[in-house]
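**Student:** Feature list, courtesy of Swiss-Prot:
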type: COMPBIAS; residues: 41-78; note: compositional bias 'Acidic residues'
type: COMPBIAS; residues: 79-89; note: compositional bias 'Basic and acidic residues'
type: DISULFID; residues: CYS101-CYS123; note: disulfide bond
type: REGION; residues: 25-89; note: region 'Disordered'
Amino acid sequence: MGMLELVGEYWEQLKITVVPVVAAAEDDDNEQHEEKAAEGEEKEEENGDEDEDEDEDEDDDDDDDEDEEEEEEVTDQLEDLREHFKNTEEGKALVHHYEECAERVKIQQQQPGYADLEHKEDCVEEFFHLQHYLDTATAPRLFDKLK
């Protein structure tokens with residue numbers, strides 16, 4: 001197992017244990033309800049005009065049941081913010097440096113005698129620079145959304 005894979009696995013485990021699951025913002029929740037209402041109206045139009053009053057009453061009851069059964073897909077606001085900041089100018093530079101380092105390490109690992117090397121390059125420094133930037137950039141916005 002390479003150093004990058006080990007760091008990646010460690011990071012994923014750390015995120016799972018440390019990062020709390022964040023509920024969707026009220027705006028996202030309202031948008032999802034509006035989309036579901038629009039879908040319900042489309043279904044009613046497809047059913048035809050026969051006994052419209054009876055169909056609407058039945059469809060309303062069915063929609064309520066479906067809403068309860070369907071699990072709403074909640075997006076993690078932290079991940080959304082991280083992706084946003086990875087695409088900023090500073091974020092792109094840090095991601096680029098990390099990916100370059102990862103490529104160098106991957107190439108070194110494939111060369112013979114890698115296991116015997118005294119100093120093996122890892123990308124811990126680049127990784128932590130990237131994570132530090134993402135954490136400091138996302139934290140204020142995330143907490144503002146959670147208020």
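Cβ atoms are placed via backbone N, Cα and C, with glycine included.
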**Student:** Who are the chain neighbours of the compositional bias 'Basic and acidic residues' (79-89) in space, where the CB to CB distance is under 8 Å and they lie at least 6 residues beyond its ends?
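**Tutor:** Residues 95, 133-134, 137-138, 141-142 contact the compositional bias 'Basic and acidic residues' (79-89) from elsewhere in the chain.
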**Student:** Show which residues of the chain containing CYS101 (disulfide bond), separated from it by at least 6 in sequence, have their CB under 8 Å from its CB.
**Tutor:** GLU121, CYS123, GLU126
**Student:** As a quick check of your reading of DSSP, tell me how many residues in the compositional bias 'Basic and acidic residues' (79-89) are helical, how many are strand and how many are coil.
**Tutor:** 9 helix, 0 strand, 2 coil
